[in-house]
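These features come from TrEMBL:
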ACT_SITE  28  active site, tele-phosphohistidine intermediate
ACT_SITE  103  active site, proton donor/acceptor
BINDING   27, 28, 29, 30, 31, 32, 33, 34, 78  substrate binding site
């Protein structure tokens, strides 16, 4: 498991270099399906009570840091609801929706519980955990490569608009896992926790991961220790 790394308070308030976009990538707050161990994929599920508190906590934290130029979000409701709380606290007038930031489509696994997904959909389960990155998940699902390509392209497009600025992007565990593993060429992204802060510096095609899976702002709220369900089972 990769260790968590965080930025200091001094680093969080420093001016962004003119040739770099600082992107704060946030995983949405906990949902009813997260807590139940149910596979969401691109299906909708609501933030639960803890998830709403997490969204408030992360919004309060980010509001104390360098003001973002914009707030972006996946088009799935759990991400948009989290992003809207952040935008309000950070005095950003709108949330810019980017469909390419949505969670991975996991085919016939969507709506199942992780605990019985192997029994109910063995082919899709094996495809999800396969090391063959170009293998699409049966039932209309994406391959890991397809997820990586659209996720990386979406963040690089956002970065190209915001050189010298900080922006906030609210997305999903699968997207975070994909960008980390593809850009760092590592077999795991570690635990990807709900409402975690992950700070990236992008300059063209150059990526620098400044902090990862930081949940220090959730000390009084709590979070699911297992993190992103797919990784928890795989590991």
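Residue numbering: from 1, along the chain as shown.
Just so you know, glycine gets a Cβ as well, placed from its N, Cα and C.
Highlighted in sequence order, 35, 40, 45, 46, 47, 48, 51, 194 have their Cβ within 8 Å of the centre of the Cβ atoms of 27, 28, 29, 30, 31, 32, 33, 34, 78, the residues recorded for substrate, and are not part of that set. Cβ-based neighbour count (10 Å, all protein chains) for residue 28 (active site, tele-phosphohistidine intermediate) stands at 29. Counting only the Cα atoms, the space from residue 29 (substrate binding site) to residue 103 (active site, proton donor/acceptor) is about 14 angstrom. Taking every pair among 27, 28, 29, 30, 31, 32, 33, 34, 78, the residues recorded as binding substrate, the greatest CA to CA distance is 15 Å.
All protein chains shown were included, and the count of other CB atoms within 10 Å of the CB of residue 27 (substrate binding site) stands at 30. Look at the binding-site residues 31, 33, 78 and count other Cβ atoms within 10 Å of each Cβ; 33 has the fewest.
When the recorded positions 29, 103 are compared by the number of other C-beta atoms lying within 10 angstroms of their own C-beta, 103 comes out lowest. Taking the Cα atom of each, residue 78 (substrate binding site) and residue 103 (active site, proton donor/acceptor) are about 11 angstrom apart. Here the Cα atom of residue 27 (substrate binding site) is found 10 Å from that of residue 103 (active site, proton donor/acceptor).
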